[in-house]
Amino acid sequence: MTTTKTAGTRPGAPAPGPDAPLATPPARTRPRSRTGGAAALLLTPFFVLFVLVMVVPIGYAVWLSLFSEKQSGLGFGGTETVFSGLGNYTAALGDPAFREGFVVLLGYCALYIPLMIGGALALALLLDSALARARRFFQLALFLPHAVPGIIAALIWVYLYTPQLSPVVEAMEAGGIGFDFFSPSGALPSVVNIALWEWLGYNMVIFYAALQAVDRSVLEAATVDGAGAWRTAFSIKVPLIRASVVMVALFTVIGSLQLFTEPLILNKGTGSAVTSTWTPNMYAYTAAFERNDYGLAAAASVLLALTAALLSFVVTKLSGGRKQKKAEKGATA
Amino acid sequence: MSRSWSSWKRTPFVAVGAVTALAVLTACGGGGGDATAAPGADGKPVDLTFWGWAKGTKEVVDAFNASHQNIKVKFEEIPSGNAGGYAKISNAVKAGNAPDLVSIEYPMLPEFVSQGSVQDIGALLGDDVKKKFLPQAVELTTLGGKNWAVPFDAAPQAFYYRKDLFTKYGVEVPKTWDEFRAAAQKVKKADAKARIGTFFPDDPTTFQAMAWQAGAQWFKAEGDTWKVNTTDPATTKVSAYWQKLLDDDLVRNNASFSPEWTNSLKSGGTIGYVGAAWGAGVLKGTLPEQSGKWAVAPMPTWDGKAASGMLGGSTFAVPKNSKKAAAAVEFAKWMTTTEAGIKARIASGTSSAFPAAAELRPVAKKAFDAAYYGGQDIYQVFEDAGTSINPNWAWGPSTGTTNSVIKDQFGKVTNGGTTIADAVKAGHDATVAELKKRGLKVEG
């Protein structure tokens with residue numbers, strides 16, 4: 001509190017004062033080649049890794065997606081790899097299973113994102129206004145599920161979903177609620193539930209950290225002006241942590257597109273309605289490892305990556321645009 | 001998890017294998033170092049790596065290593081085929097670090113052959129060895145006129161049931177599918193929580209075996225054209241029959257070998273199992289506490305005459321990169337056609353494999369402790385079923401696609417998401433599309 005008041009700027013920002021102009025000239029007059037050399041040296045590891053683990057694999061996937069394996073006769077003479085242009089792309093787009101994967105994702109996002117953002121925000125606001133001791137406990141308790149690896153979480157939940165095995169299902173049945181978590185209509189909520197359990201605490205911590213950084217004097221001013229707890233939460237706190245909300249939304253959208261582990265566990269060995277091509281990621285996996293069609297798998301992956309890139313662009317553009325407008329408004333006011 | 005674990009474990013052996021391969025190659029570099037040379041003839045043992053998951057395999061490998069100096073086998077257990085084992089094998093072949101011998105079930109063998117993942121081992125197998133096997137098993141491993149695998153077991157279907165509960169509920173062992181339905185109703189009437197059997201949505205091969213038994217022929221090769229027909233009258237009859245059983249809640253709908261299924265067997269909620277010969281060992285291993293309560297009967301049939309399909313069954317094939325095919329085939333022959341090989345597996349107590357080699361069935365029968373089945377001569381049941389295996393069935397070259405699509409659709413059969421018939425039709429369409437994509441001629 002005191003630091004924010006005295007400095008008036010973010011920590012780390014150059015201290016304003018008469019010394020500042022004096023400090024900068026030597027840096028400016030420093031020979032350009034030396035800075036360039038240092039920059040190159042420091043950036044090399046990044047670019048080497050970037051090329052090795054990003055550019056090369058993506059390039060290889062694109063390359064793979066242009067070929068397909070052809071056979072002749074009855075197909076027992078082995079395969080021949082031939083260039084097929086965009087053939088794998090049309091095959092993937094023409095496959096209803098692939099398209100249905102995107103419909104599932106859409107449904108997943110529609111259900112998951114509001115629940116996630118709303119839930120995490122609500123919990124963070126509650127935590128922000130709670131007693132200090134309870135705060136510690138709940139922060140840890142809510143974050144704990146995130147420490148469980150996704151695959152383990154999915155296995156635990158599969159156990160809890162399985163009729164005749166799960167105490168939860170048994171209790172629900174005893175209470176007159178018959179819900180089949182593996183049925184065609186139950187599969188989506190089942191997966192959303194696992195994801196919520198895993199990520200709610202994590203996102204809550206991000207929101208909570210942002211709330212902690214809100215200037216307390218603003219909140220005090222609000223209280224003095226007569227704003228109640230609700231009013232403070234929705235008119236002061238939430239607008240002030242907008243940037244965090246947008247960031248979490250972006251990560252959640254991209255994370256949703258990559259949905260894989262949880263439905264895969266639900267697919268294997270449960271006989272549930274979660275198919276092996278339930279999400280586009282699973283479609284690519286199945287194409288590669290069950291159908292031995294690497295070209296199709298690569299094409300499906302590239303299409304998914306393009307969708308993710310497009311979506312991230314849209315989300316950042318939208319949020320960035322709004323922020324700018326707001327800033328302009330602020331300037332004119 | 002197990003996949004990554006065993007691939008970590010694998011790395012050193014691949015390296016060791018490569019070094020030995022190099023040593024062997026240089027050793028016989030001068031004269032005829034081809035794959036058909038007698039293994040270990042130069043006095044140095046050949047090291048083989050073998051991937052499989054069938055029950056009792058470890059015991060078989062131990063027995064082989066104990067009795068052989070020229071070949072040393074390193075067994076690495078992988079997840080069963082459909083649980084990721086096949087993916088592991090095909091990836092290893094693509095990466096060039098596959099082992100020298102792998103387990104592949106009959107339905108998947110054509111897929112591996114069509115991917116060019118395994119070697120033609122006809123010359124190493126020899127005609128006299130081929131004659132030892134059940135003709136249907138040889139037929140299923142011969143594709144395009146070449147032998148691609150050594151058949152190990154035939155897997156005639158069988159119906160397992162809780163003898164004590166059948167007696168208690170006054171249910172006769174069904175001989176026909178009509179009787180099976182009546183028996184199912186009786187079981188449910190006697191105990192509202194009990195069911196006679198299970199529809200396995202995760203395992204299309206159980207359904208295919210029933211279609212096979214009914215006389216279906218999904219894949220036919222004519223010239224160089226594949227004729228695909230998964231919706232013939234025989235299959236349609238089987239689909240409708242099981243759909244009705246599910247609709248009337250007369251059978252369970254659980255994944256095979258899932259905790260859910262096992263649990264219902266333990267509690268007496270499921271008192272029958274439509275399976276195959278190898279199932280006897282699996283039941284025994286899964287439910288040791290129910291010893292003496294189970295019995296085996298021939299599969300119910302449509303007209304009361306003996307008939308059977310084949311449900312799974314293992315073969316051994318040599319991946320294309322292996323330089324040690326001769327040694328691998330020798331080991332595979334030992335596992336499948338020698339008394340010691342069969343004995344070692346069955347004596348492990350967990351396997352009830354029905355050898356494809358006819359002369360070894362008495363050996364298997366003797367080695368299997370049938371106390372679990374009240375001393376019943378279960379191998380006689382398998383023997384009768386084995387001779388009645390419908391010889392017309394062939395597997396197509398895209399089982400991976402066919403079965404993953406059918407499995408996906410079967411998963412939606414619960415709660416009326418789809419029907420068995422529609423699921424099978426979806427499998428048909430996907431198969432035809434896949435074969436066309438590969439550039440093959442298809443009708444269907």
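Including glycine, each Cβ sits where the backbone N, Cα and C put it.
For A:1-12, the entry in TrEMBL reads compositional bias 'Low complexity'. Annotation source TrEMBL lists domain 'ABC transmembrane type-1' at A:100-315. As annotated by TrEMBL, region 'Disordered' applies to A:1-32. Marked as transmembrane segment by TrEMBL: A:38-63, A:102-125, A:137-160, A:191-211, A:240-260, A:294-316.
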>> Can you see whether the transmembrane segment (A:240-260) and the transmembrane segment (A:38-63) are touching - at least 3 CB pairs under 8 angstroms, only pairs 6 or more apart in sequence?
In response: no
> Cβ under 8 Å to the transmembrane segment (A:294-316), counting only same-chain residues 6 or more beyond its ends: which ones?
Replying inline: 58, 61-69, 84, 87-89, 91-93, 98, 102, 246, 249-250, 253-254, 257-258, 280-281, 283-285, 287-288
> For the transmembrane segment (A:102-125), which partner among A:38-63, A:137-160, A:191-211 gives the most CB pairs under 8 Å?
Replying inline: A:191-211
> Residues of the same chain, at least six outside the transmembrane segment (A:191-211), with any C-beta under 8 angstroms of its C-beta?
Replying inline: 108, 111-112, 115-117, 119-121, 123-125, 127-128, 139, 142-146, 148, 150, 153-154, 157, 237, 240-241, 243-245, 247-248, 252, 255, 259, 262-263, 266, 274
